[in-house]
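Shown next, in structure tokens, is the structure this report addresses.
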Amino acid sequence: MAKISCSYFLVLMLVFSVFSLVEKTKGKRHCSTIILPESPCVPQDCVEYCFEEYNGGGTCIASKTGRTTNCMCTYNCHGNNL
């Protein structure tokens, strides 16, 4: 009987922890934009510009193999007045 109660308790804890994680992420939407698509991406500049302008994270990505990289900025849509 004690083993069953312990199992139920652990399952209950797991369910509550999942619900708490879902509630934390609910309502947070991330947007992304390409910054200066006509110029090649410089990683340090991309990170700094994205943080200063959008309070987000910038990464250099290539749209297709062999093409120059562009700066993609991912940020919280609700945290900016854009």
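Keep in mind that glycine also has a Cβ here, set from the backbone N, Cα and C atoms.
Pulled from Swiss-Prot, these are the features on record:
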DISULFID  Cys31-Cys77  disulfide bond
DISULFID  Cys41-Cys60  disulfide bond
DISULFID  Cys46-Cys71  disulfide bond
DISULFID  Cys50-Cys73  disulfide bond
SIGNAL    1-27  signal peptide
Only counting partners 6 or more residues apart, tell me which same-chain residues put their Cβ under 8 Å from the Cβ of Cys50 (disulfide bond).
Ile35, Gly56, Gly57, Gly58, Cys71, Cys73, Thr74, Tyr75
How big is the Cα-to-Cα gap, in Å, between Cys60 (disulfide bond) and Cys31 (disulfide bond)?
16
Could you measure between Cys77 (disulfide bond) and Cys46 (disulfide bond) for me? Cα positions, answer in whole angstrom.
19
So which one is it: of the disulfide-bonded residues Cys46, Cys60, Cys71, Cys77, which has the fewest other Cβ atoms within 10 Å?
Cys77
